[in-house]
Amino acid sequence: MDYTLTRIDPNGENDRYPLQKQEIVTDPLEQEVNKSVYMGKLEHALHDMVNWGRKNSIWPYNFGLSCCYVEMVTSFTAVHDVARFGAEVLRASPRQADLMVVAGTCFTKMAPVIQRLYDQMLEPKWVISMGACANSGGMYDIYSVVQGVDKFIPVDVYIPGCPPRPEAYMQALMLLQESIGKERRPLSWVVGDQGVYRANMQSERERKRGERIAVTNLRTPDEI
């Protein structure tokens, strides 16, 4: 079988992810509250209850590509105990999972497989890109490695590092839970575009920039 690498054209017509239609809008529930106090508050409570159940029962797909996967499964040990976040139920089938963690190097031959597995996951579903290789290709600036999995699937949380520690993976789960808690999805089955409203989350780099600039006493590499 012949494999070819097709470059992404950001100006081309493409209605598939990650080049899907996105726009910044206000929270639709705020408009409903102003229209009807009772129904608006009821819908707000229903969304909060559903999102609470979703964010505390994330089932990750047992899927690893490289050494970052070793750090991911380390978080399932008793030392880290990722079960505290409700994400310890590993699924061997994408149809039973709602979180895909792309942990490792994504080669061009593997990209169609990841794409197909992502398509087999049911909504709601989320993606975590774990490690420098999955985020941007890492040190493999070569034709055979995809320079970031967000070239063909949408990514919700990026974990930097080569490889990241298990604590970084658990922090990503907490950030994903925070994002899920602010989502607005249809409360019933929807065929086609669901029209999901996601909160505009601030990146950790921007959030911690002021704190890092204020640091004056830097520890030596010999200190922990």
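From the backbone N, Cα and C atoms, a Cβ is placed for every residue, glycine too.
Since the structure is predicted, the reported quantities are computational estimates derived from the model, not experimental observations.
Taking Cβ-Cβ distances under 8 Å and a sequence separation of 6 or more, the neighbours of C133 ([4Fe-4S] cluster binding site) in its chain are L65, S66, C68, G104, T105, C106, M139, Y140, V145, C162. Residues annotated as [4Fe-4S] cluster binding site in Swiss-Prot, with sequence analysis given as evidence: C67, C68, C133, C162.
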Enumerate the residues of the same chain, C67, C68, C133, C162 excluded, that satisfy the criterion Cβ within 8 A of the mean position of the Cβ atoms of the recorded [4Fe-4S] cluster site; list them in sequence order.
S66, A103, G104, T105, M130, G131, A132, A134, G138, G161, P163, P164
Which ones in the same chain are close to C67 ([4Fe-4S] cluster binding site), with CB under 8 Å and 6+ residues apart in sequence?
G104, G131, P163
Check the binding-site residues C68, C162 for other C-beta atoms within 10 angstroms of each C-beta and report the one with the most.
C68
